[in-house]
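Okay, so here's the structure we're looking at.
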Amino acid sequence: MATAGKVIKCKAAVAWEAGKPLSIEEVEVAPPQAMEVRVKILFTSLCHTDVYFWEAKGQTPVFPRIFGHEAGGIIESVGEGVTDVAPGDHVLPVFTGECKECAHCKSAESNMCDLLRINTDRGVMIADGKSRFSINGKPIYHFVGTSTFSEYTVMHVGCVAKINPQAPLDKVCVLSCGYSTGLGASINVAKPPKGSTVAVFGLGAVGLAAAEGARIAGASRIIGVDLNPSRFEEARKFGCTEFVNPKDHNKPVQEVLAEMTNGGVDRSVECTGNINAMIQAFECVHDGWGVAVLVGVPHKDAEFKTHPMNFLNERTLKGTFFGNYKPRTDLPNVVELYMKKELEVEKFITHSVPFAEINKAFDLMAKGEGIRCIIRMEN
């Protein structure tokens, strides 16, 4: 493209300080360096992780910063050494990468790339420790290697998944984070047998995707656990068959679930990150064969406490990161599931706003309205 090798001036939503509305600014985006790509973002969406680090309550504040990591776009230009993708390719940016060289990438059992694993505190590119964004010569920091709240962004090539160009980017962009995290937690990690019973703790975006994954895997009972009863009706669309609100009971929720299921659920997936919910999700699975999968990210000082007999009685506890998907290897296949109509991504998308109104997406999330809000970069 004519812009290759040159600085691009474009619009970006800049967070100047914690918790303050984003400001649409003209930024300069430098060309990609070795093993980097510059991507034209067409659609992006707001994920709770963006809000969490934008609020920066207890996290390292890195500002000014361009947030955003759930998106779809087209490669504008590539840096030296990039052979996997070319200008014009359709891609999904991913907050965690796959270098394809490290021990994790070479292992069939891991997706925790040594080089490109998520780092929320780093606001610069790993190649040279510098930002590719600037305003009047002053750096604007990156977020989790993606920074998709910008018309153009620069990423390491290991953080983009090349996908089918026929796939609608305004739909499949949500597959680059939350949807795949929940879906994979069920399909790849919990692996519920056909006809089994699954409990899903937390019916936000990731929990609904986990319920969808359990439904696709063939679970016959999917019990949604949430403190907000207004989420129950929505969750039926994602396969939930029953609901438990812990507030409605005067006994621990793991006991309620055990009574409902003749001794415990076959699988549970915990999507809140609340340490008590994590413990409940483990203790509610059936002895002998029950498997609990932890997805939600806990408070940094949280401690998981349970009696060792819960393990000795043959319950299994697993953790997962990004649904155990390797971004570059596996995400194109998840997109193909959508193209074959095996995934109903549309149910996930409840709102859409133009880029100029990006702060509306933050307002919707603050009010707990909807699931995903698509931000349209061009109109």
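Backbone N, Cα and C atoms are what each Cβ position is placed from, and that goes for glycine too.
Under DSSP, THR49 (Zn(2+) 1 binding site) is assigned to a helix (H, G or I) in the three-state scheme. As annotated by Swiss-Prot, Zn(2+) 1 binding site applies to CYS47, THR49, HIS69, CYS177, with the evidence given as similarity to another entry.
Per Swiss-Prot, alcohol binding site is recorded for THR49, HIS69. With a 10 A radius on its CB, HIS69 (Zn(2+) 1 binding site) counts 27 other CB atoms from all the protein chains. HIS69 (Zn(2+) 1 binding site) falls outside any helix or strand according to DSSP and counts as coil.
In this view, VAL295 (NAD(+) binding site) is surrounded by 31 other Cβ atoms within 10 Å of its Cβ, with every protein chain counted. Summarising the annotation, Swiss-Prot assigns NAD(+) binding site to THR49, 202-207, ASP226, ARG231, THR272, 295-297, PHE322, ARG372.
If you take the C-beta of CYS105 (Zn(2+) 2 binding site) and look for same-chain residues 6 or more apart in sequence within under 8 angstroms, you find GLU98, CYS99, CYS113, ASP114, LYS326. Positions annotated as Zn(2+) 2 binding site by Swiss-Prot, on the basis of similarity to another entry: CYS99, CYS102, CYS105, CYS113.
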On the three-state reduction of DSSP, what should I expect for CYS105 (Zn(2+) 2 binding site)?
helix
Closest to ARG372 (NAD(+) binding site): which of the binding-site residues CYS47, CYS102, CYS177, going by Cα position?
CYS47
Cα distance, THR49 (Zn(2+) 1 binding site) to VAL297 (NAD(+) binding site), nearest Å?
10
Would you list, in sequence order, the residues of this chain other than CYS47, THR49, HIS69, CYS177 that have their CB within 8 A of the centroid of the site's CB atoms, where the site is the one recorded for Zn(2+) 1?
HIS48, ASP50, GLY68, GLU70, PHE95, VAL144, SER176, GLY178
Do you know offhand how many angstrom separate ALA205 (NAD(+) binding site) and CYS47 (Zn(2+) 1 binding site) by C-alpha?
9
Other residues, Cβ within 8 Å of CYS99, CYS102, CYS105, CYS113 Cβ centroid (Zn(2+) 2 site):
GLY97, GLU98, LYS100, GLU101, ALA103, HIS104, LYS106, ASP114, LEU115, LEU116, GLY158
